[in-house]
Each structure stands twice: as C-alpha cells, then as structure tokens.
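Novice: First the structure, which I've put down as structure tokens, then a few questions once you've had a look.
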C-alpha cells in the first residue's frame, strides 16, 4: 500500500474560508455551525488510514538506513533521462510543439492561448503520455496562466531568468484569495514568475503548484508575501533557481525539495518580520515537508542597507505538524539566532530544531528525526 500524499488539498477550502471577511450577523451565526463537516470527517478518515499504513511500514522494517541525499546536480529517479536533457538544454536547442512570441513570430502571442491550444491538440490526437513542449520567447507576459489537471506532461521553456517573464498583480487586499492570486498555476525551465503586487497588497502569489512530480529548473519566483505556493503533492526546484519574498514566501503542504537555490529576503513593511517558510503539514502521518539542500539565504538589494532593522527567520509553523529542513545551506549571517518564529496561534509548541556538527546547521521544524526528512523518500514514485 503506497503512502498517500493528500497534503494541503483537504484543508484548502477551510483556509480560503478564513480569508473571507464576515459581517457581524454572519460572524455570530458562524459560531454555531461547522461549514466543513464532510471535509473534516474525510480528513479524519484519511488520517486514520495513513496512520495504519505508517504503523504497517514501521513494523515490516521497510524504513531502513539506506537513504541518501541527492547530489548537488542530481535529479530524483522519477525525472526521466529525456526530461533531464530537455531541462538542461537551451531553449534554442529544444524542438517545441508550440512557440509563443509577443512580436508575432511564433504560433501564439500569449501563454494562455498556447496552453489552451496544447490541450485541444492533444485531445484530438497527440497522447498525454508524450511530453508536450511550449517555448515562450523573451518578453514580459502580463497574464495569469492556469494549467489544469488534465494537461499532463506539459513543459514550458523560456529564454532564461529575467528574459521570459510572466507577471500579474492579483492579491488578497484587492479582493482575490491567496489561492486564486497566483500569476502562474507545473515542468518549467528558464522562466521568471512574478507577482507585482507590493508588500502592502500582500498576500500575492507568483506561482502555485498543485501538480504531482513538478520540476522548475533555473527559474525565478518574485513577490513579497506568499510568493511560491507549493500547494500539494511532489515538487522539485533544482539548479540555480531564485526565490524572492518577505513573509511566509515559500509555503504550502507539498513534499518539496529546493536544491541549489538562492533565497532572497526583501525589505518588508515597517512592522513585519521576514520569514522564509510556512509549511502546512496538518497531519503527523502526511509524507510532506520542505527540504532545502545546498542552497543560500541572502538579503536582496533593497534589504541589505537596513537588514539590521528587521528580524529574519527560517520560517514559522503554519499548521500543527509543520516540517522544514535546511541542509548544507549558507545562511549568510542573516537569520536571527532563534532560527524560527512562532505562529500567531500557538503552533510554536510543536517546533523542534536538529543540528549536525558541520558549519552549516541542519535545522528542522516539527520533524521527529533526520529519518523523517529524507528527500528521496518524499519524492520516490508511487
């Protein structure tokens, strides 16, 4: 029986409900009802099944000492050799099925039109089991792009970080929810994903990924609060990707590995503290968490002159069993000695720290042992 990775999916609706402002009459009524009884019961059923499966695997001795970290430039087993070659190739060397160019030299002028066309093309002929490649030429594409769950094996390749830019400005302050504010909702290479809503309009997501076995290779994610929403299932962000933000800017409940990434802290609002992560593991039996490996945490250019004026932390526990690890990662003297910040509501009682003997601390939030933080185990095929 495979370990289930339902992660954040079971809890997204209640989280979004909490973002909706209530008037006095609604607030009074809401205290007497449970708006999500079915979701809660289903979550409890899944949790019980996960606990049974976890106990079974422990008793069978299936969790052994044969685990290892990925090498700096290594991919998980589930990334096929053909896909690795595509990810590591320049956009000019890749034969694309569709080309997007704002100047009209491609098949379409917008990414959304190309994505819609790819879905139609594959529904009438090409198999979903074959990798479909969209090349997005250099330019600033002001659109909110959504990749639906029916669009499997889709790869989008840009011309490079800060050359091919997808930008939007949806945010919670202007009426969107965190879930719906994403600029890009996915395999991707050589792209910049940006939400231009400033720190006062946060939360505002640049990219939300809830697809399984997603890879983002040499990409950039720019925002302030809630930049990168690693919503659920398995995600990999390898090889020189850049992530910018202020508050909880890498968040969600995916099983996500961030490998050889640059994490840049921006200048927050005057009363804010910077927190890199807010991992959302709500069930102790979920096989989810964030792992940062061979990466670097640093101040962005706007924070550097005033970084002493703001507290900066590795993260805070969004949910009861939040779990995050930083391994062989340079912290650049930027992180507060406390390491982690409590959540407004009490999850700090579930925080633990684990360190090893080398110069770079191995630090976990709500992880029982290092055995629970193995990235190959999180990312292994079902």
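Indices start at 1 and increase along the chain as displayed.
Each residue, glycine too, has its Cβ placed from N, Cα and C.
All annotation found in TrEMBL is predicted automatically rather than curated by experts.
Owing to the predicted nature of the structure, the values given are computational and were not obtained by experimental measurement.
If you look up TrEMBL, you'll see 248 marked as active site. Annotation source TrEMBL lists compositional bias 'Basic and acidic residues' at 12-21. Here TrEMBL flags 97-348 as domain 'Pectinesterase catalytic'. Look at TrEMBL and you will find 1-21 tagged as region 'Disordered'.
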Novice: Which residues of the same chain, at least 6 positions away in sequence, have a Cβ lying under 8 Å from the Cβ of residue 248 (active site)?
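Specialist: When sequence neighbours closer than 6 are ignored, residue 248 (active site) has 203, 225, 226, 275, 277, 278, 315, 316, 318 within Cβ distance under 8 Å.
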Novice: Note the mean pLDDT of the domain 'Pectinesterase catalytic' (97-348), expressed as a whole number.
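Specialist: Per the prediction, mean pLDDT sits at 82 for the domain 'Pectinesterase catalytic' (97-348).
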